[in-house]
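Colleague: Right, I'll just put the structure down here and ask away after.
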Protein chains: 2
Amino acid sequence: MADLLEQDNTHQTLQEVNKALENGMFVHVRRLLQDMEPEDIAHLLEASPPKERQVLWQLTDPEEQGEILDELSEDVKDGIVAQMAPEKLAAVTEGMESDDVAYVLRSLPDERYQEVLAQMDATDRHRVEKALAYSEDSAGGMMSTDFITIRGDVTADVVLRYLRMRGELPEATDALYVVDENEYLIGHISLATLVTTQPDIEIREVMEDSDEAIPVDMDDSEIANLFERRNWLSAPVVDSNNHLVGRITIDDVVDIIREDAEHSMMSMAGMDDEEDTFAPVMKSARSRSIWLGVNVLAALAAASVSNMFEATLDKMAAIAVLMTIVPSMGGVAGNQTVALVIRGLAVGHIGDSNTRWLLSKEARVGLINGLLWALIIGGVVVLWKGDIILGAIIAGAMLTNLIIAGVAGVCIPVMLKKFNIDPALAGGMALTTITDIVGLSVFLGLATIFLV
Amino acid sequence: MADLLEQDNTHQTLQEVNKALENGMFVHVRRLLQDMEPEDIAHLLEASPPKERQVLWQLTDPEEQGEILDELSEDVKDGIVAQMAPEKLAAVTEGMESDDVAYVLRSLPDERYQEVLAQMDATDRHRVEKALAYSEDSAGGMMSTDFITIRGDVTADVVLRYLRMRGELPEATDALYVVDENEYLIGHISLATLVTTQPDIEIREVMEDSDEAIPVDMDDSEIANLFERRNWLSAPVVDSNNHLVGRITIDDVVDIIREDAEHSMMSMAGMDDEEDTFAPVMKSARSRSIWLGVNVLAALAAASVSNMFEATLDKMAAIAVLMTIVPSMGGVAGNQTVALVIRGLAVGHIGDSNTRWLLSKEARVGLINGLLWALIIGGVVVLWKGDIILGAIIAGAMLTNLIIAGVAGVCIPVMLKKFNIDPALAGGMALTTITDIVGLSVFLGLATIFLV
């Protein structure tokens, strides 16, 4: 219910905005946008077709454009950034945190972002260049360099006085980092601990050791797993010398968790997880075409299998009618296993220690469901076509294919992962190719032996 | 790289534990488990086959069992809880937060959890009963009832003194809630603001209004979207009278985000997202069998279509050989669209205001890719089978099916959502059934008209 209400709100605004746009009431749209938070404007832009999106962007407050860009998903952000002048980009990113500026600029071609950097003042440029030097998918690329450090030998009261003098804390601050005179990280103290500590107690007595600081080159998915498992709100980032270089907060990690999980779903359907729902037609057609090309090969492979049995098909049309059933069931059963294994690999549940157990389990699941559906389909075919041998043949092919589907469903993603190929992307297609080929070969092969 | 390291660590522990278990070195295993965090033990249990899981559970520290249960995924947790005596359950959940106890007990049959509740002391029982009364998927079912309230007319200094006197704050506290004398929520103050406020300033001058408090019956996915969009760390929960009743923290929301995203992936493959990777064979076979049953109907529907063209198939085996290609391409293209639309619906990008635009876009993407692959496959067939009419027929069927796939890929999930049916679960199967039927009918129909 609440779900519907909230989405209705967004779409009411969207419809109001669309109507105002159609009628050319740009002043009204500008006023609507002024009342919205940057993250809601980002959402509105993402939910708009290309033309409306462009007009809307022109009507946003330039002061807020930097923050809106930071909230947009990559594909949509890139589309907008590509059309902005360097001076404009430098202006809208002024005052933003360096990791957010790096996100906004990362997709620009080299010479374009050099132009943008040239427009910034020296300190900002230096910080952004540092952020851009880290890989986008690493701790360095995600971290903020805006954090508060204190010494261990001061009292809680001194820290509070310092914070009051300093004023507002960096966004999403939940802990202060304790460093020694060489800026080496030695611990951290949460604000929750700070406010419950007696004023005369020294920080080092109540701080926690930072033995789980994040290395600057750690992979973002791994960081997300750590945050999720440890229930962290933020974590310090250190370089190879245990020198404190940044801070990662849960709000950035939440985006990674969503992206990783979406990645599995989108990849299994052969889509890029960054694909903009409202991308231009040609762009979408091109990006999807690659996957269709892979499937053409798979479909032709299956057709070549049938082709080998052309003589059999020529003699008995009933075989052609029934030949799609076994591959279809094998594909569905195998993809169930593939989805389970892909999730297990992503969350780190599956490794050398338990792959064999899982393989034997999935083979047995295939055996049980294979027996069940072999009996049912065999029975249906006997009743439908009145041919007991044909029923037995399809039952045998079904049983074989469902067992193969279970085994391949475990082996394919695990092996792809070993070869560093994304199992979510290639797993389903490889599986379907195998179940198609096995299903057709066994069914048509048995038919050739026993019926022709 | 870090990814591999971390997973290696888990699997090294797992292998060490497995080896120790095989050799009956239970004391060694118990010691290994004592050195681990509850969340890591939960991970180890989830990554273990059923028998090992049971032995491991017996070797965990009873003091930690409550926390481990809370960290386990639902299916695994339920398996363990079902075998525990009521006194044992009451003992391990003692001292836990009421929402966590509710999570642990929720799956028990009525009389069993009444027995557990009877073992608790009156206050705990009352709190847990209250938590159990809310739906699992609502704010009420997620919230913690452990939070700190203050009045608006006290100074920052008074609050700090109160907190120091109170000692440790509830887990993941990042803000204090400001209520009036009737416990109505009037605002909140983050710890970050508190520590930067001068001691003599009154709270109401620096607090923020809580105009976005979460209603107690709000749906969990909606809560997750709000947290994600607003970058919240925690949020107050109020009843219909704006009475403060609880607090939701980001760590619980992260679990929802992961579950929602996994749900889409697993559902599209016809799996329950709570399915335990290492579930017993019979349990897995049963749960998957339902989906295979749905697919049997879809496969039989496709076979009936071919059956209508039995006479055609009887005359020309090449048609049978090629007839699987067009349905296969349609299924893959349609599922790309379905995945895009399911994600768009889940994040709230797609609504009445833009469905029509999206429909026309996907139809045009289908047209472009349809033309491309019609030409390619048509050409391949002409070369392969030396039959220009057959090539033209398959090209025409391909073009038709890819356009239909784009249109159906948008319409099916959107309509399912309108009828309150989960588009992720039913969308892919419904799409494939349509592209199979359309693909076969058009190809075999054209072949019947022009070739037979």
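Along the chain as shown, the residues are counted starting at 1.
From the backbone N, Cα and C atoms, a Cβ is placed for every residue, glycine too.
OK, TrEMBL features for this one:
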{"type": "DOMAIN", "residues": "B:143-206", "note": "domain 'CBS'"}
{"type": "DOMAIN", "residues": "B:207-265", "note": "domain 'CBS'"}
{"type": "TRANSMEM", "residues": "B:290-309", "note": "transmembrane segment"}
{"type": "TRANSMEM", "residues": "B:315-342", "note": "transmembrane segment"}
{"type": "TRANSMEM", "residues": "B:363-384", "note": "transmembrane segment"}
{"type": "TRANSMEM", "residues": "B:390-416", "note": "transmembrane segment"}
{"type": "TRANSMEM", "residues": "B:428-451", "note": "transmembrane segment"}
Colleague: Write out how many residues of the domain 'CBS' (B:143-206) are helix, how many strand and how many coil, based on DSSP.
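Modeller: When I sort the residues of the domain 'CBS' (B:143-206) into the three classes, I find 21 helix, 17 strand, 26 coil.
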Colleague: Calculate the per-residue pLDDT averaged over the domain 'CBS' (B:207-265) and state the result as an integer.
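Modeller: Summing pLDDT over the domain 'CBS' (B:207-265) and dividing by its length gives 88.
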Colleague: Taking residues 6+ outside the transmembrane segment (B:390-416), which of them lie with a CB under 8 Å of any CB in it?
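Modeller: Long-range Cβ neighbours of the transmembrane segment (B:390-416): 318-319, 322, 325-327, 329-331, 333-338, 340-342, 345, 350, 355, 358-359, 362-367, 369-371, 373-375, 377-379, 381-382, 422-423, 426-427, 430-431, 434-435, 438-439, 442-443, 446-447, 450-451.
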Colleague: Report, as numbers and ranges, every residue of the chain located at least six residues beyond the transmembrane segment (B:428-451) whose Cβ falls under 8 Å of a Cβ in that stretch; write 'none' if there are none.
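Modeller: Contacts with the transmembrane segment (B:428-451): 268, 270, 291, 294-295, 298, 301-302, 305-306, 308-309, 311-313, 315-316, 319, 322-323, 326-331, 333-335, 338, 389-390, 393-394, 396-397, 400-401, 404-405, 408-409, 412, 416.
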Colleague: With DSSP as the reference, give the number of residues of the domain 'CBS' (B:207-265) in helix, strand and coil.
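Modeller: Per-class counts: 27 helix, 17 strand, 15 coil.
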